[in-house]
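Visitor: In case it's useful when we look at the structure, here is the feature table from TrEMBL:
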- 23-126: domain 'Ig-like' (DOMAIN)
- 149-223: domain 'Ig-like' (DOMAIN)
- 1-20: signal peptide (SIGNAL)
- 251-272: transmembrane segment (TRANSMEM)
Amino acid sequence: FSLSLLYLVVIALEEKIIVSKLGDNATLSCIYQGRELHLKNLRVYWQIADDQEECSVVHAMISGQDNESEQCIHFKNRTQLFWDRLENGDFSLLLLNVSQSDERRYKCVVLQKTEYTRVIHQAEVVLSLAASYSQPILSGPVRNGDSTGEEVTFSCRSGNGYPKPNVYWINKTDNSHLPPSELKITPHADGTYSVFSTLKVKATSTMQIECSVENKILQENLSANYTQQKQSGSSIESNKNLEKNGKGAQAASIISIVIVIGLLAVFTCWLWRRRPSKLVSYTGNE
């Protein structure tokens, strides 16, 4: 009896953490490693582990059949056992379309009735929910000319995530963390959050700034980067413009030469035609 009691206490202290995304289906694990079971002799209870809840029954199976008489309204038509696995000791529960209100600690209790009813297995599961944040949008300052040394402002936004995120500003030139000037986290009706943050820093000629949004539960870290446009880009554009202007000037020169040659040709023809007329006139006077 003492060994059995010790075994149950050890099982109860085990904490399994299940991570699920909002709106998905979550499987709460409860597996008994024992001999072959007969469903008619079993009672399986899934309940909220917090004893202060007015209604704690999440799902119940008695003598091989679901029993909804004491099930909490919040879980109606949202729970089901895996019937093809029960006799093998798998009493895991499928919870449909999870929301923030499902983020709780659950207890699975399995009782077997033979000569008397006894607990043969129990386990606790913590359900943690999360939602991925959108790819951050990083907006940098619009700089006209050289503004080195002036204070400039960056902004970063992301949304549709859960739970509240961590936001980091990083100077990529030396990977140092920069304190945000503003950080605003806004809750939405669907339970998700959006985040908006700004950073004010002194401008440099080669700024490289990164905004990072971290979701610890999902172990996701999304980032966006800003790199100061270098002068070489302007030089290239200038070179392209000079090249275009050079080609235009060359074409204009060729056209001018052709026009001059044409005018010379017309003038030569005109002189050639004038010369015979003078000879005729001279001969006539003689």
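Here the Cβ of each residue, glycine as well, is placed from N, Cα and C on the backbone.
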Visitor: Taking helix as H, G and I and strand as E and B in DSSP, count the residues of the domain 'Ig-like' (149-223) in helix, strand and coil.
Guide: 0 helix, 49 strand, 26 coil
Visitor: Need one number: mean pLDDT over the domain 'Ig-like' (23-126).
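Guide: On average, pLDDT over the domain 'Ig-like' (23-126) sits at 91.
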Visitor: May I have the DSSP-based helix, strand and coil counts for the residues of the domain 'Ig-like' (23-126)?
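Guide: Helix, strand and coil residues of the domain 'Ig-like' (23-126) number 12 helix, 45 strand, 47 coil.
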